Amino acid sequence: MQHTSSDTLSENSIKLLQITDTHLFASDEGSLLSVKTLQSFQAVVEQVMARHVEFDYLLATGDISQDHSAASYQRFADGIAPLEKACFWLPGNHDYKPNMSSVLPSPQITTPEQVELNAHWQLILLDSQVVGVPHGRLSDQQLLMLEHHLQASPEKNTLILLHHHPLLVGSAWLDQHTLKDAEAFWQIVERFPMVKGIVCGHVHQDMNVMHKGIRVMATPSTCVQFKPKSDDFALDTVSPGWRELTLHANGEITTQVQRLASGSFLPDFTSSGY
């Protein structure tokens, strides 16, 4: 499935806004580790609007829901409506794809494999979900699809989206739940120098590193944050956030993480897991 943006293909840079790991519930009182996830999600959307953040597309990189309910996905769809931008989403390990599909067709949300953003850039969206387990894996079909789109547009700078982290983050408990076939993934992408960036969710923290000449980014959750470099499960004191990216015509990526005010939506630090 290929998606061409409905806007005139711009010759200029593309601005993207990534939100991830919203962990929503059917109930508006649903909480994860004592953080009411609908409220924290809404606070992020409200702050994006209050700051007049300019962006062309919204990226939602999985774990939209915590309870698998159709209502939780509708809450997400309703929540992003004020942003008035097209949203591309993909599943995480907590998502239930039949209920994700229940809100489609949507005026904002689509689930393409590939998006031509403009004359210079494409997105490729991968499904790394393995039903019933927290780690990720790319099926042979997903790997073939990735290779196909890279071969079909060898001149386009490419940003790849998936839920699970394709690089270890240095937290033993989280790195058990990484992308299990990362080697097969990297064997494909490193053959294509136009792959400029990879964006994921899952780890509930900021990561921005270069690997094999490719920028690899993970992004804070809109709710609970995991403490970096912690061997055992641990929560961080930093606030929920989002990522802003600019894809430049020359293939460069500039990006920054933004957060809610310090002290916003603090979790239960006595929790030993979830």
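Placed from the backbone N, Cα and C atoms, the Cβ positions cover glycine too.
Copied over from Swiss-Prot:
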{"type": "BINDING", "residues": "ASP21, HIS23, ASP63, HIS204", "note": "Fe cation 1 binding site"}
{"type": "BINDING", "residues": "HIS23, ASP63, ASN93, HIS94, HIS204", "note": "AMP binding site"}
{"type": "BINDING", "residues": "ASP63, ASN93, HIS163, HIS202", "note": "Fe cation 2 binding site"}
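Listed in chain order, the extra residues whose Cβ falls within 8 Å of the Cβ center of the AMP site residues HIS23, ASP63, ASN93, HIS94, HIS204 are ASP21, GLY62, GLN66, GLY92, ASP95, GLY201, HIS202, SER221. Remark: of the binding-site residues HIS23, HIS94, the most isolated position is HIS94 (fewest other Cβ atoms within 10 Å of its Cβ). Cα spacing between HIS163 (Fe cation 2 binding site) and ASN93 (AMP binding site): 8 Å, rounded to the nearest whole number.
Taking the mean position of the Cβ atoms of ASP21, HIS23, ASP63, HIS204 as the Fe cation 1 site, the remaining same-chain residues with a Cβ inside 8 Å of that point are THR20, THR22, LEU32, GLY62, GLN66, GLY92, HIS94, GLY201, HIS202, SER221, THR222, CYS223, VAL224. Among the binding-site residues listed here, namely ASN93, HIS94, HIS202, HIS94 has its C-alpha nearest to that of HIS23 (Fe cation 1 binding site). Between the alpha carbons (Cα) of ASN93 (AMP binding site) and ASP21 (Fe cation 1 binding site) lies a span of roughly 10 Å.
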